[in-house]
Amino acid sequence: MTSVIDQQGTAPKAVNRTASPLAILAVALSSLTLPLAVTGPAVALTDMAVDLRAGIAETQWVQNAYGVTFAACLLAAGALADRHGRRRVMISGLWLFAAMSALCAVAQNMILVDIARALQGIGAAGVLTSGAAVLAASFTGAARAKAFGVLGASFGCGLALGPLTAGMLVNLGSWRLVFLLNVAIALFVLLFLARHLPESRDPDATSVDWAGLATFSGSLALLTLVFVEGPVNGWTSTGTLSAAAGSVLLLLAFVVVELRQARPVFDLSLLAKPSFIVVMCQPFTVTFGFVVLLVYLPPYFQGVSGHSALASGALLLPLTLPVLSLPLVAGRLAARIPLRVMLAASSSLIAAGSLWLTTLQPGGSLAELIGPLALFGIGVGSAFGVMDNAAVGSVPVERAGMASGMFNTMRITGETIAIAGAAALLSSLTLNDLRDRAPVLDDPTLLAGDAVQGRLAQSLDAVPEDQREVAMQATSAALTSAMHVTLILLAVLAIVGAISTFAFMRDHDLSKD
């Protein structure tokens, strides 16, 4: 039985499974800042690079630094939340997140931004894992489904409004306002809502499995580093191969450590449950493609079609608005429709939207994109309303922090790998196609890389004037073709996810209490 500790941290009392609605609001607003920290900088990145005179590598680490630490620390945050209190870890994480957001807003060079983003990711891990565990320990049945529907809606809101809001803030004043927005939201929660969060912890968690946390976090950090640095330094470079080998060795050490622990940070026996494995893989089939579109469609719109940051954010509304509105609906439907049906249907819609989106062309009208983007968004929004509930329901409520930590580790790891992997794939495909389309260009490597990052106009300045028109048309066509290939691969991934979910997931394995 999960114990609930009073806010002064004294003796445990009977579990309160009907927490204040303000607790849901606190978790939802805190969670809202996390996707804003991904989608906001994605739109503002070009302005940041120009203002801080940053190179490509420094600029890429604005996203990568956040993703690496976020993913690597999630399981640790879940274990610490179960042991020391979910409310305590969530509030501590939110303070760190707010402080590092403020540091990003005042930074005068990109190196400081990258460092602050890495620390911001650690704080985000505490917020995300503990917030979901607070809800799992505070509500049951239909009330819990609705609470997680609100949580899914908060993620959807951050993802839906992030690009447009960031574009507006950049146009109004500066990219620094994007980070200050997160500071304002976090401070509102900390000062006015945090007091309504009930404290809870796992009464059987007598100690923290530090060896397990260290080996797992280290393995995951090195793995994400492989996907981040591999495209830059080469997949067979000494650094990349060393990181890959280190990741494998630490993962093996993690398994050995966990098998010897009486109270492991991750219960390896759960891997024998097909439903648990399917739930943990949902982020790869649902959020993988969504993040790729959120991060790389705005630069495509800005670089190829010449739209402003604000217009690029607005063009994503058909994709993001369903993610804002549908999680609450999906949370209610979860009480009537089997989760495996809902999740399989969501992945199928994502696959259909991906294939339809291959009609994307340079300078195409918004009307042509509304259908595929909306279909994709409906699939993602439906899944967001039930994924977190399915994750914490796949284990006893006492281990909700562990389940939330592992699920969100998979989510953020998938997002980080998606961002880095898509950059490598798009750059490589664009470069190879560009060489065929415009052999007159001496070395189109920089041109291809800049096109993916939305810097096509700036990169064309370095091309001889008599070749610029050819370079512009060839690069636009090459990047569009690369986007089409990427979308087809995303569709295949979603189809595999839909089939696996329907075939192996069993709703009777998921607890609703």
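Quick reminder: no glycine exception, Cβ is built from N, Cα and C everywhere.
What TrEMBL lists as transmembrane segment is 22-44, 64-81, 93-112, 118-140, 147-169, 206-228, 234-256, 276-297, 337-357, 369-391, 412-431, 482-505 (among others). If you look up TrEMBL, you'll see 23-509 marked as domain 'Major facilitator superfamily (MFS) profile'.
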So if I exclude everything within five residues of the ends of the transmembrane segment (276-297), which remaining residues of that chain have a CB under 8 angstroms from its CBs? That is, six or more out.
38-39, 42, 63, 159, 162-163, 270, 312, 315-316, 319-320, 323, 340, 343, 346-347, 350, 354, 373, 376, 379-380, 383-384, 387, 390-391, 394-395, 406-407, 410-411, 413-415, 418-419, 422-423, 426, 452, 483, 486-487, 490, 493-494, 496-498, 500-501, 504-505, 509-510
Hey, which bits of the same chain come close to the transmembrane segment (147-169), Cβ under 8 Å, at least six residues off its ends?
24, 27-29, 31-36, 38-44, 131-132, 135, 138-139, 175, 177-178, 181, 290, 294, 298, 308-314, 316-317, 320-321, 323-332, 334, 381, 384-389, 392
Residues sitting near the transmembrane segment (369-391): Cβ under 8 Å, six or more positions beyond its termini, same chain?
132, 144-145, 148-149, 151-153, 155-156, 279-280, 282-283, 286-287, 289-290, 293, 315-316, 318-331, 333-334, 339, 342-343, 345-350, 352-354, 356-357, 359-360, 403-404, 406-408, 494, 510
Please figure out which one of 64-81, 206-228, 482-505 racks up the most CB pairs under 8 Å against the transmembrane segment (22-44).
64-81
Distal contacts, the transmembrane segment (64-81) - CB-CB under 8 A, six or more residues away:
37-38, 41, 88-90, 93, 114-115, 117-122, 124-126, 128-130, 133, 201, 205, 208-209, 212-213, 216-218, 220-221, 224-225, 228, 265-266, 401-406, 408-409, 412-413, 415-416, 419-420
Intrachain residues whose Cβ lies under 8 Å of the transmembrane segment (482-505), provided they are six or more past its termini:
274-275, 277-279, 281-282, 284-286, 288-289, 292, 296, 300, 339-341, 343-345, 347-348, 350-352, 354-355, 357-358, 360, 379, 422, 425-426, 429-430, 433
Sort out the residues at least 6 away from either end of the transmembrane segment (206-228), same chain, that have Cβ-Cβ distances under 8 Å to it, and list them.
60, 64, 67-69, 71-73, 75-76, 79-80, 83, 240, 243-244, 246-248, 250-251, 253-254, 257-258, 261, 263-266, 409, 413, 416-417, 420-421, 424
